[in-house]
Structures are given as C-alpha cells and as structure tokens.
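*Asks:* Okay, these came from TrEMBL:
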| type | residues | note |
| --- | --- | --- |
| DOMAIN | 67-499 | domain 'Peptidase S8/S53' |
| ACT_SITE | Asp75 | active site, charge relay system |
| COMPBIAS | 106-121 | compositional bias 'Basic and acidic residues' |
| REGION | 106-125 | region 'Disordered' |
| ACT_SITE | His120 | active site, charge relay system |
| ACT_SITE | Ser451 | active site, charge relay system |
| DOMAIN | 544-645 | domain 'Subtilisin-like protease fibronectin type-III' |
Amino acid sequence: MLSVHNSQLLIFNYDHKQDDMNPIYIKALKLISYVGMDGVVSVFPSRKNKVATTRFPLKVNRSTTESDIIIGVFDTGIRPELASFSDIGYAIKIIGAQYFKANGTHDPEDIQSPRDSDGHGTHIASTAAGNTVRNANLLGLHSGTARGGVPRARIALYKVCWTNGCSDVDVLSAFDAAIADGVDIISASIGPESVMAPFLDGFSIGSFHAMMKGILTVQSAGNDGPSPQTTTSIAPWVLSVVAGTKNPDLITPVRLGNNMVVDGVSVNPFTLDRLYPLVYAGDVPNNVAGFNGSTSRNCGNNSLDKNLVQGKIILRDCLSTGEAEMGRFMAFSGPDFESYHLPVSVMNFDKANNIFQYIRSTRNATSVIMKSEDVTNASSPYVASFSSRGPNRKITNILKKATPVTNFHSIQPDLTAPGVRILAAWPPVAPISLAEGDHIEVPFNMISGTSMAFPHVSGIAAYIKSFNPTWSPSAIKSALMTTASLMSAQINTDAEFAYGAEVYDADEVDYLTFLCQQNYSTHYIRIITGVDVSCSELMKQTKDLNYPTFVIPTMSNVAIDSNFSRTVTNVGSATSTYRALLTQPRVGGLRIQVEPNIQHFEEYGQKLSFKVSVQATIQNLDNPIVSGGLTWDDGVHQVHIPIVVH
C-alpha cells in the first residue's frame, strides 16, 4: 500500500525481498518515478523493525517546568489506568495516544487501539516519566517507591509495534505525528534487524526530520551483543543507549545438600520449603522418544524423562522457558535476563560446575533454590552481555560507544544506563514470562534489555530540556555524553565501544556537511534529509562534525596522525577557565596534543574552538583498541571527551 505523510515521505509497504521477477517488486521500482514530484522525498520498502528487550533513582531538584515537557514514546502501547500514569496532580498525564498500522492487518493478540497488551511500551513509558508509586514490587522483590526519570512530564504515546513487529511505514507516520504534536523528546526502542545505512533506515530518516524541528530522539542500541559492530543505532543525530548493571541488584542463591551455597542471578520471587532431589539434565533423557544425554542436557522440548524429573531441581546447560516436562524446579547455567514462572537461578560455567561436581560426588544430591535478594555488586556498573556494541559499522569515524551519567555511561552507543532487571509498570493482561500458560498478574515487572536502559536517558534529556528550552538536540546530547561517569576498563574490556563522551552544538547544516564527507551522493542525502544539497559548496571549508568524541579507524601497524577541531559553548558560569587534562596510555604509542590547552570564558553562551592532534600505531591485534581522553576541568566541573584508535 502507499502512504503519504505530511507530503514528505512516500513508503511502499511490501515484502522487500529483491526478486526481479516479483510483480510487486517491479511495481515498487516503478514508484521510484514519484521521486522528484512536489512533496515526495523518497521511496523505499517498509521493513520490519524490532523492540530491544530481553530502579532508577534520579535525584534532582524538581521544578514545575517539568510538567510542560512532553515525551513522545514509540512502542507497543500503554495502560493508562495504572498508578504510574494517574492524572492525580495533573490535568492530563497521558496527553495523547495514537496507533498506526498502515497495512490494516492485525493478529488475534493485537488490540486495535493505543492500549498495550504486550507490556513493553507500558514499562518504558513509566521508566521515563511514570508517577511516584509507593510499595512498588514484583511479587515482593525490589520493594520500594517507583518513579520515572521525570515524573511530572507528560506522555504522548504512539503505538507502532505489534505482534509482528514495527514497520517503517508506521514508525515514520509516528514521527510525522509527534513532530506535528510538538513533543520535546522522542523515546523509541525500535531498530532494524541488522545494521542499515541511514538512507535505508526509516528511523534514521524520521529522527533527522525531528532534529530539524529541535526534537532529540533517544534510541536503544539493540540486544545483539557481546559481538562488536552490532549496534543498529548509528545516526549521529540520535542519542543511542546500551544496558548496564545497577546497584542494588538481585542474586538467587542455591543451597546444596552439603551446605555449600552457590550464588546465581534471576528474578525469583518463589520461596521453597525444603531441599529437593537434584539431578543433571544430561542424566535423565527421554530415551523412549529417542533422546540421549547430549540433547537432554539442554532441556529441549520433550527431551527429559518426566518420571525421572518430576518434583526435582534440574541442573541444565542453557536457556529455557520452563516447560512442564522439566519438573517443578530447575537451576541452570546460561543467560540471566529472562523471567520465569517457576524457581530458577542462573550462573556462569564455573559456578554451575561446582553444582555438577557435587551431583557426581553423591548418590542422593539435594538442593533448594532460594528467593532472590537485594545485594550490592562491587563490579557494577558494567555493560550487560546482551547489549549491542560499537564501533559504528556504517560511519566509522563516529564513536558510537557507551559512557555513564551519574548511574549512566558513553561510543555508538553514546551512553550506558541501567538496563538489567529494571522494575517498572506492567499491564496485568501481559504475562511476566515466556512460558505458555503463565497467567500471573502483576502491576510491576522486572525485565532487562537496552529497551529498559534508554528511557532513563530520555527522562534525563527531558529534565535538561525543561531548564534549557532553547538548547538544540545536539547540545542536550553532548551535555549528557561529556558529563557521564567513566566505566572501568578492567571490567568493561571492550572499552569505549561498549560504554558516554560546556556543550558541543551542531545544526542541520553541520549534519548535511557530515553526510557529504561520508561520500553519500546528493540523492542519498535527500532520501535522509529531504534537502537538496550541494556537497561541493558545503565542503569548501573543511569542517569536522562537532561531536563530543574523537575516533580514528586504522589498520594494524599503520602509524596514524590525525587532527580534529571542535567548538564548545559555555553554559556554566559566565566567567570560567577550563584547563585540558590528558589521559595517554603508553600502549600503542598514543600521543595527544591540545591547542590551546586553556579555555577562558567571559560570558554565558560564548563559543571557543580548540584543536586536537592524535598520533598512534596499533600493533597488537589481540587488543585492537587504543584509547585515551581529554578532560576540560574548571576545578568544579569536568567535561570528558574520549579519544579512540581502533
């Protein structure tokens, strides 16, 4: 079908497999002739996108100006009757709600309204801007007061995600509506299945048009980690966020019959009354159905002998949703970010091996999975294993990483925020686990993902906007990136590519120049921006994108000598002096120079420029990242900019 949005974007919604003999594909090609018509920016296939799921105590000075801020949430819907969205104290909390489904087809599970039956959108909206709710908990876990990052802000909900995904055509319709509605921040946990060039990514296109209207878009980076170059949020005008751990967090101890206690992790609200027999899944295969220990150890469907596992705790080797044939309880080694409807503890291989060795040491192994409890994790914060990483595959000189803001961290991705076992509002109609037949109803749920991380940043961005209504999206973004806390490189071994980065401002012309510098043709730039540009004119003056990171891609054993220029805007004390502090590890021969190394501001809003030169050589392919940093320090404030050679 065809959809024209505000006479700007023309999208053809069809199965985008490029089959030259497919008559629908041929018809799509003919539609390219529409480009050039008045009001038509581009024609491209509407692809399916996905959401990125697997306590946020922002302590700030509250202001009534927050209630003037509107956060636009693109997701699966919202449940307005929940306490997190109550109108008490507001004229209206949810200031608007719309839904978009261009192809007109719905699955039986879909609710044809902005109401949420999935839970994802409700969870995200309450994390960003939910009201204060006392005695929030998940079946007794993490009990306390829940509230969003900016609880007095308003919410505008745009339902674009359904049972079968989130189509470009619906996402772009939502961008048009949100821009027209005048939202202040767009918050979206939506991304393509794989990394796309900006001119093929509806989200990059829509967010550029939002940026031109002064609206910052915050996006989750994706859940395809821990491999590098997996982040799907790559556009430099978008603030992308990955998931990190938080304090306090949960542990789920397992006590063995020999009184050894092995700590695992999970969301386990269940309390068992005694020790139960303990077996290893590889020892109890369903031989009648043709399974053996090599397959039953993973607890595949019907792979276990029901008679041998009933009423027992099972040690198994990888993830499952807890089908009935597994018996009543289980403990296993594997991923730790799913919810289950029976007692579970997840642990790494070494800890699980202690349990395995105990099973082998006795003929009557027993254990009990204990209820999860809050603990302080000395290693936090660190980036979750599931979080997508940089570097940016499509735009190699933009440091899409990940550093923290108080509890938050940023290259792309730009920042890391708490995203592991986050407690937030939940519609009772949505199951809390992936298990079939799970009918537990709760008003709050605890889930993990970059989807749970990015609304924290959306809330902070909205808070900054409430006090600085004239700031550009890039100014808000750089304020977060340059003041984020740095994460430990010993714990986060993928360094800046997993964690964020005065303010560094950039406008529409800066981004157009940047796209020209990436050697995109004027045709592709028009697809992204809707603007006819002359790259030859824009590039007459050599100009770096004023981005608060420095990144240099290179080859092994090739000496690099790169120079950058940046311009900062004083948004602090009218009179202030900043001095450059450099971090220069000896590895890779990294050498950084800054000129000038002192910035003296004499008025608010004053702009000053500086240049950075970087020399380095990467010789060790086992550690192909050399990183340092520049920090501007006035004795009170520190503005950090990472410098990375990879």
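Glycine too: its Cβ is placed from the backbone N, Cα and C atoms.
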*Asks:* Just give the helix, strand and coil counts over the region 'Disordered' (106-125), going by DSSP.
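*Replies:* Looking at the region 'Disordered' (106-125) with DSSP, the answer is 6 helix, 1 strand, 13 coil.
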*Asks:* Count the residues of the domain 'Subtilisin-like protease fibronectin type-III' (544-645) that DSSP assigns to helix (H, G, I), to strand (E, B) and to coil, and report the three numbers in that order.
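*Replies:* Once the DSSP states are binned, the domain 'Subtilisin-like protease fibronectin type-III' (544-645) shows 3 helix, 56 strand, 43 coil.
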*Asks:* Same chain only, please: residues at least 6 beyond the ends of the compositional bias 'Basic and acidic residues' (106-121) with a C-beta under 8 Å from a C-beta of the stretch. Say none if there are none.
*Replies:* 51, 53, 73, 75-80, 97-99, 157, 159, 161-164, 189, 426-427, 429-430, 432, 445, 447, 451
*Asks:* Go through Asp75, His120, Ser451, the listed active-site residues, and name the one with the sparsest Cβ surroundings, counting other Cβ atoms within 10 Å.
*Replies:* His120
*Asks:* Give me the mean pLDDT over the domain 'Subtilisin-like protease fibronectin type-III' (544-645), rounded to a whole number.
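*Replies:* 85, rounded to a whole number.
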*Asks:* Measuring Cα to Cα, how many angstrom lie between Ser451 (active site, charge relay system) and Asp75 (active site, charge relay system)?
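*Replies:* About 10 Å separates the two Cα atoms.
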*Asks:* What is the separation, in Å, between the Cα atoms of Asp75 (active site, charge relay system) and His120 (active site, charge relay system)?
*Replies:* 7
